[in-house]
Amino acid sequence: MWLNWLKTRGGAAMAALGTVKGSGNWFLALALGVTLLKCLLIPTYHSTDFEVHRNWLAITHSLPLSQWYYEATSEWTLDYPPFFAWFEYVLSHVAKYFDQEMLNIHNLNYFNSRTLLFQRFSVIFTDLLFVYAVHECCKCVNGKKASKELTEKPKFILSALLLWNFGLLIVDHIHFQYNGFLSGLMLLSIARLFQKRHMEGAFLFAILLHFKHIYLYVAPAYGIYLLRSYCFTASKPDGSVRWNSFSFTRLISLGLIVFLVSALSLGPFLAMNQLPQVFSRLFPFKRGLCHAYWAPNFWALYNAADKLLCTIGLELKLLDPNKIPKASMTSGLVQQFEHTVLPSVSPVATLICTLIAILPSVCCLWLKPQGPRGFLRCLILCALSSFMFGWHVHEKAILLAILPMSLLSVEKAGDASIFLILTTTGHYSLFPLLFTTPELPIKILLMLLFTIYSISSLMTLFRKEKPLFNWMETVYLLGLAPLEVCCEFVFPFTSWRLKYPFIPLLLTSVYCAVGVTYAWFRLYVSMLTGPPGGKTKKQ
Amino acid sequence: MEKCYWMAVAILMGLTVRWTVSLHSYSGAGKPPLFGDYEAQRHWQEVTLNLPVRQWYFNSSDNDLQYWGLDYPPLTAYHSLLCAYVAERIEPAWVALYTSRGHESAAHKLFMRATVFIADLMIYIPAVVLYCCCLKEISTKKKAASALCILLYPGLILIDHGHFQYNCVSLGLALWGVLGVSRDWDLLGSLAFCLALNYKQMELYHSLPFFCFLLGKCFQKGLKGKGLGSLLRLACTVVASCALCWLPFLTEWEQTLQVLRRLFPVDRGLFEDKVANVWCSLSVFVKVKDLLLRDTQILISFLITLLSVLPACVKLTLRPSLRGFRFALVSCALSFFLFSFQVHEKSILLVALPVCLVLHEVPFMSAWFLLVSTFSMLPLLLRDGLLLPSVATTMAFCMACAALLPAWAEASEEALQLGAFLAAVRKHLPYLKPALLPHGIRCLFLASVTTMVLLTLMSVTLEPPRKYPDLFAVLVCFVSCLNFLLFLAYFNIVIMWDSKNGRRKKTN
């Protein structure tokens with residue numbers, strides 16, 4: 001009987017094994033491969049975010065809803081929207097089977113191997129949503145350039161770029177955060193808009209907003225796109241809006257969806273009269289303009305220019321050394337950064353800058369609707385613009401632009417070139433997140449793996465068109481290698497290490513800021529000079 | 001650029017997996033008083049740095065041979081010395097005499113891991129890449145694919161970067177030897193192999209095929225003319241390189257003898273721990289170790305090993321071919337592992353290396369063998385706390401093989417290289433159905449995989465009965481041994497019925 005069973009099952013199992021390289025299963029192989037890599041990364045270094053999330057597990061598990069946003073035993077208070085808190089609540093009910101003690105609020109910095117396993121596996125497991133979203137996104141890319149070689153198909157390249165994304169790997173699975181499933185939600189909602197399932201897309205995005213409010217940055221793109229291309233059901237032949245085609249039912253159903261999701265999330269707190277407290281936790285404006293390590297954005301360039309001018313001023317005796325605040329010269333690690341020459345920047349100023357930066361792209365989306373691709377471009381521009389000019393931006397926020405940008409990169413050579421510059425510099429700017437020595441080889445190897453693969457595969461994909469980089473871009477990208485060598489291999493052995501400990505961070509941040517700004521600029525140009533709406537609409 | 005990048009991706013993947021595995025635990029972590037192989041390697045650094053060469057292999061008040069005494073050939077000792085120099089520059093406490101015993105710290109772990117990583121990067125990985133680049137008749141992408149499969153072989157990664165050893169050095173040197181010999185640079189090849197042999201005496205498992213292949217080549221050239229000259233040159237190279245390695249120990253007869261005694265510790269018994277070889281498996285039923293005198297044991301194991309390697313070696317000498325050489329390496333190493341005296345469970349890596357080399361020729365059987373070989377070290381890996389990396393790397397390896405290797409899961413006669421053998425069998429048994437063998441092999445494969453999975457699950461989750469604390473370990477060894485015997489038969493059949501290719505080689 002045993003043998004018979006083997007014979008019947010055997011054929012099936014072998015067939016299953018054999019088809020892994022068949023049609024759709026390469027996707028499974030990519031996804032499973034990266035999952036195994038994530039499992040191997042379990043014992044790596046993890047940041048304080050690990051403790052943050054453990055604390056949130058404890059808060060949501062052991063306290064009633066009314067105290068979630070008031071609890072302050074640990075310094076890592078709950079500062080994500082309610083859905084994320086509920087998410088932690090659900091996780092905590094699994095966590096209790098691993099170790100009850102990690103759910104105690106007073107066990108600050110509680111750590112053992114079971115806690116580690118649970119937390120790491122929770123990230124790996126929730127990444128399934130991301131995998132599904134990538135699968136859906138692959139259906140949206142144009143397959144017109146379909147080559148016979150599997151590895152030269154846009155779908156294959158796109159899934160490799162997304163699933164094996166370097167930034168997600170190190171931020172989620174080493175540094176520790178839950179960006180995987182959040183990005184999954186965003187990609188899924190984008191994919192739904194591509195598939196003309198607008199209501200679903202809007203619903204998913206509303207949910208996402210109540211998971212992590214950083215996605216507010218891309219909300220303008222959603223709002224305008226849904227209004228322009230969904231609520232208005234037709235356009236004039238020249239692409240401008242046909243005002244009488246407005247559909248009230250569509251607007252109301254969209255509004256209803258957003259309202260219902262928000263009610264579900266914030267309603268309980270409104271009922272308990274806690275909304276102000278929740279919002280004060282969600283939007284803390286007490287932090288500085290830049291994070292301790294400057295994210296590579298406009299303000300990094302601004303700060304650097306300030307320092308440069310200050311030094312020049314001191315050299316030329318134009319500035320009085322006694323009037324210069326000490327902190328600005330000694331280190332870049334001070335949260336409140338005071339500018340010496342250039343005017344200081346207030347939160348409102350950054351908000352205005354961000355809005356001004358976003359505005360053209362949003363206008364463009366309204367005036368020249370180019371279907372979901374135009375929307376995607378606008379979404380990336382919103383994300384990038386707010387990264388460029390936002391208040392207290394984290395370097396991790398670059399993922400918000402990189403991940404959706406992957407979708408564009410496999411369709412047009414120009415976008416591929418922008419994508420490669422943006423990802424390479426953006427990913428490199430994540431390096432300071434992992435500053436421990438055991439993780440040094442990992443980050444270098446993974447970065448090389450992703451960069452070499454992305455550049456080579458996209459070059460192969462677009463080999464018939466003009467080269468992806470001009471000589472300046474090539475030199476700039478190659479410059480990252482000596483920069484890394486200087487910052488992490490040479491600098492620690494020089495005498496400047498004690499006197500100017502912030503120099504490597506400053507260099508990294510400024511160097512990457514140049515690349516990110518350049519990519520942002522080129523993407524903007526591509527949006528504004530894109531083909532007029534009327535034609536592409538018909539495609 | 002377009003063509004190389006797959007190879008670059010393969011190498012980077014291999015390196016990434018190696019370094020991530022190295023972040024996990026190592027053998028004997030936090031287990032005083034003896035610790036494990038990690039401490040052994042560290043201790044050798046301590047000994048070689050602080051003691052004069054003459055005392056390295058001798059028991060003395062400064063060098064307690066009972067505590068991880070040096071028992072590898074001189075090249076290992078020199079390597080330890082080199083590492084020790086670096087270690088001393090970073091932190092002298094790591095290699096201080098006496099006081100550093102059992103030293104464990106995060107920084108030291110990082111240092112030790114880095115030494116293995118660098119050795120791997122400099123010796124083993126280039127050899128694998130070069131070997132795959134030299135493969136004929138396949139596209140660049142396929143070359144990268146087979147390189148990735150070889151680099152992802154979990155056994156070597158887990159033992160070197162998890163458990164902690166420097167097998168990549170000896171195996172890498174042996175692979176350089178294979179490369180040299182197969183590119184017709186016989187002198188360089190034999191030099192590399194001598195270095196391998198002087199790094200780890202277990203490389204003797206590979207020595208017979210090397211010897212027979214080179215001898216056969218000389219025979220082919222004609223023993224009276226060119227052949228004799230090249231034979232003499234080979235002999236000189238071997239003797240000179242070995243002498244060079246052993247130079248400090250050749251000054252006195254007593255030194256040389258003592259090193260040899262340390263290298264071949266006959267008094268340590270027929271087998272050590274739980275090994276998946278015939279003697280350990282037999283001991284489940286018959287306690288050979290206690291029944292026979294040690295000299296008889298040595299004699300019996302020697303005779304059986306000789307008998308088992310004989311066919312492959314004779315065939316290789318008479319009809320030397322590259323293909324035959326690779327298969328002979330597999331079969332000889334496997335015979336040594338199964339039948340010889342004093343075998344470690346880690347010695348299976350010596351079989352796994354040549355199997356990796358035939359991965360592109362018989363993908364199904366090789367991948368299956370590599371899986372079994374990793375499984376056979378399960379008790380060791382579990383003891384080191386390497387369950388998670390073992391499972392993850394094994395699954396990754398399976399997936400890589402399934403997705404990348406051509407004709408994986410194709411168990412037809414042709415793919416198994418058994419066409420000639422079956423044709424011969426059919427002459428005598430005409431009523432044998434053609435589909436029977438592929439089908440049978442598939443069933444065996446599934447049965448083997450199922451038992452491996454079940455046994456792994458059992459050893460992880462269940463407590464062994466108090467009466468038999470080693471129950472699962474013994475079962476693992478027994479099952480692996482049965483598999484290995486099957487593989488021995490298979491590889492010997494492939495070698496013996498390889499007439500077709502041999503003839504084609506000649507006409508070329």
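Even glycines carry a Cβ here, placed using N, Cα and C.
Annotations in TrEMBL come from automatic prediction, not curation.
Per TrEMBL, these features apply:
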{"type": "TRANSMEM", "residues": "B:6-26", "note": "transmembrane segment"}
{"type": "TRANSMEM", "residues": "B:110-131", "note": "transmembrane segment"}
{"type": "TRANSMEM", "residues": "B:143-159", "note": "transmembrane segment"}
{"type": "TRANSMEM", "residues": "B:231-249", "note": "transmembrane segment"}
{"type": "TRANSMEM", "residues": "B:298-318", "note": "transmembrane segment"}
{"type": "TRANSMEM", "residues": "B:325-343", "note": "transmembrane segment"}
{"type": "TRANSMEM", "residues": "B:349-373", "note": "transmembrane segment"}
{"type": "TRANSMEM", "residues": "B:385-409", "note": "transmembrane segment"}
{"type": "TRANSMEM", "residues": "B:444-460", "note": "transmembrane segment"}
{"type": "TRANSMEM", "residues": "B:472-497", "note": "transmembrane segment"}
The transmembrane segment (B:143-159) in contact with the transmembrane segment (B:472-497), cutoff 8 A, at least 3 CB pairs, sep 6+: no
Interface present between the transmembrane segment (B:298-318) and the transmembrane segment (B:385-409) (three or more C-beta pairs under 8 A): no
Surrounding residues of the transmembrane segment (B:298-318) on its own chain - C-beta under 8 Å, 6+ positions past either end: 208-209, 212-213, 215-216, 219, 266, 270, 279, 292, 324-325, 327-328, 331-332, 335-336, 338-341, 488, 492, 495-496, 498
Contact between the transmembrane segment (B:110-131) and the transmembrane segment (B:231-249) (at least 3 Cβ pairs under 8 Å, separation 6+): no
Within-chain partners of the transmembrane segment (B:444-460) [C-beta distance under 8 Å, separation at least 6 from its ends]: 364, 368, 371-372, 375, 378-379, 382, 387, 391, 411, 472-473, 475-476, 479, 483, 486
